[in-house]
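For 34-516, the entry in TrEMBL reads domain 'Major facilitator superfamily (MFS) profile'. Residues or ranges marked as transmembrane segment by TrEMBL: 37-60, 72-90, 102-120, 126-147, 159-182, 202-221, 301-325, 378-396, 408-426, 432-453, 465-489, 495-514.
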Amino acid sequence: MRAEVNRPPVFTIEGSKLSANNATVDPESKSYSFDEVIDIIVMMAVLNETMGIAIVIPAAQCDLNLSATDKGILTGVSFAGIIVSSHFWGYMADTKGRRRTLIVSLMLTAICAVFSGLSINYTMMVVTRFMVGVFISAPSATIFAYLGEFFKTANRTMVITYASVAVGLSATFTATTGWYVLSFHWAVGLPGTELVLKPWRILFFVYTLPTVVGAFWLLVLPESPKFYLSRGRESEAYAILLRLYLENHPNAVEADFAVKHITPEAGQKDRSAGPKSSGSFWHVTTSVWNQTVPLFRKPNVINFFICCMVQFGLFVVSSGMGLWFPDIINRLTASQVTDTTVCDALNASIDRKNGTLALEHEIITVDTVCNDNINERVFIYSITLGALYTVLYLAMSVLMRKLGRKTLVAFNLFFSGFCGIVLQFVDNAYVTMTLFCSFLVFAGTSISVLNGATVSIFPTNVRAMAVCLSLMTGRLGSVVGSNLVGLIMEQNCTLTFYLFASSSIICAVLTLFLPS
């Protein structure tokens with residue numbers, strides 16, 4: 001919409017919008033009332049698909065004849081899919097649109113997840129779960145850019161942190177539904193096929209429900225106006241802002257909207273006049289390169305490097321150590337050692353396990369019965385962690401206004417590192433459990449705060465790419481962390497906790513160098 005001779009003032013999308021009576025109008029900061037709900041649903045979809053497999057695998061191990069190695073691969077194969085596709089989805093979200101990328105990737109995720117629930121062997125399960133990871137990679141990062149761009153810069157991190165209660169809700173959802181569904185014992189064979197329907201297959205379908213709901217709900221939501229603006233499509237950005245204003249002001253009419261024209265953000269190129277895509281491989285490759293290079297140039301390169309390093313460290317602690325949390329707690333509760341430190345208890349459990357294995361080897365006892373029952377403590381631990389995540393995210397969304405993003409993240413990470421160090425010296429089981437949970441949760445909740453910071457720090461045209469690549473680095477950290485625990489925990493428990501606690505403290509220091 002172009003202005004006439006005496007056109008009204010021109011406003012940027014980040015600027016103030018003043019009505020005729022000088023009342024502040026900020027349609028960008030007011031999105032649909034259910035925008036945050038749909039973002040919670042999409043985040044739940046991401047976590048259900050990546051973490052829910054840990055609950056399904058033990059129940060499916062007998063039907064698919066899974067070895068310990070097979071189960072380890074299945075647990076991590078979705079993360080491998082996310083890692084290899086993150087760059088591609090960042091490019092798609094920054095060039096084709098946040099909303100379109102989210103809808104397509106969520107629908108493809110749901111299809112692959114359903115097929116994974118129908119797997120008749122290990123190979124089919126690995127392939128389908130890898131494809132789930134490839135497609136869920138897009139919403140796992142793009143949703144942060146999409147949500148953040150409907151709010152002012154000052155509010156983005158707080159809103160994203162609030163929406164991240166999905167982390168806790170997802171842990172609670174996967175645990176409670178898994179506990180209920182897997183409590184049934186039935187089997188229905190499908191005539192003419194090798195497929196036998198069992199509760200664990202139904203659980204895959206249940207975990208996919210948020211994915212389907214999120215995809216269809218996004219169909220009624222608009223594209224990010226800031227994305228349109230970054231592509232030189234001002235009239236489409238204006239139309240969405242007008243739509244948001246009218247939706248949030250039921251009694252208003254179009255004439256009440258004070259903004260009559262918007263211009264691109266400072267430093268953004270007008271891309272509408274650029275050459276149309278030829279669709280050739282060389283053109284696509286060049287486009288991907290041009291979309292990525294700005295992150296490695298000033299003024300973005302230092303902040304991008306810090307974001308990647310901090311994400312790596314946060315995932316090392318929260319996911320790397322977190323994947324071992326149930327196993328470590330099981331060892332502590334089964335160690336039959338009281339009033340001792342966590343490492344002494346773990347060493348005692350290792351000695352008992354080695355002694356039992358030696359005895360079994362001597363009497364050559366072979367257990368031919370496959371056990372696919374899941375200990376109830378697994379569900380209880382997951383629900384407890386989920387509740388802690390939910391409470392902490394809600395508290396952080398309130399405290400962020402008072403303390404600021406940088407101060408809050410630094411405190412969280414210093415406290416996480418402090419808990420990781422101190423828990424090695426306490427000999428009370430309840431205190432140990434509290435410190436262990438705090439060690440993981442305070443690091444884990446900082447991930448979403450950092451995602452919010454990334455959305456605010458980087459310009460619109462490379463924002464989704466920055467989030468995708470930093471999260472890709474983080475997921476590499478989860479792989480490194482989980483393997484590191486497996487390699488050195490039994491050999492040197494104390495060193496393991498010192499390394500992981502140090503990771504939190506180093507990340508706390510690095511966050512202090514990010515813009516406020």
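In case you wondered, yes, glycine gets a Cβ from its N, Cα and C as well.
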In terms of Cβ proximity under 8 Å, which residues at least six beyond the ends of the transmembrane segment (202-221) contact it?
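Residues 32, 34-35, 38, 41-42, 44-45, 48-49, 52, 55-56, 59, 99, 102-103, 106-107, 109-110, 113-114, 116-117, 136, 139, 173-174, 177-178, 181-182.
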Below 8 angstroms Cβ to Cβ, which residues of this chain, lying six or more residues outside the transmembrane segment (102-120), approach it?
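That would be 42, 45, 49, 64, 89, 128-129, 131-132, 135-139, 142-143, 146, 193-195, 201-205, 207-208, 211-212, 214-215, 218-219.
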Against the transmembrane segment (72-90), which of these stretches has the most C-beta pairs under 8 Å: 37-60, 126-147, 378-396?
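Between the stretches 37-60, 126-147, 378-396, 126-147 has the largest tally.
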Ranking 159-182, 378-396, 432-453, 465-489 by the number of C-beta pairs under 8 Å to the transmembrane segment (37-60), which range is first?
159-182
On the 0 to 100 pLDDT scale, where does the domain 'Major facilitator superfamily (MFS) profile' (34-516) sit on average?
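Mean pLDDT, the domain 'Major facilitator superfamily (MFS) profile' (34-516): 81.
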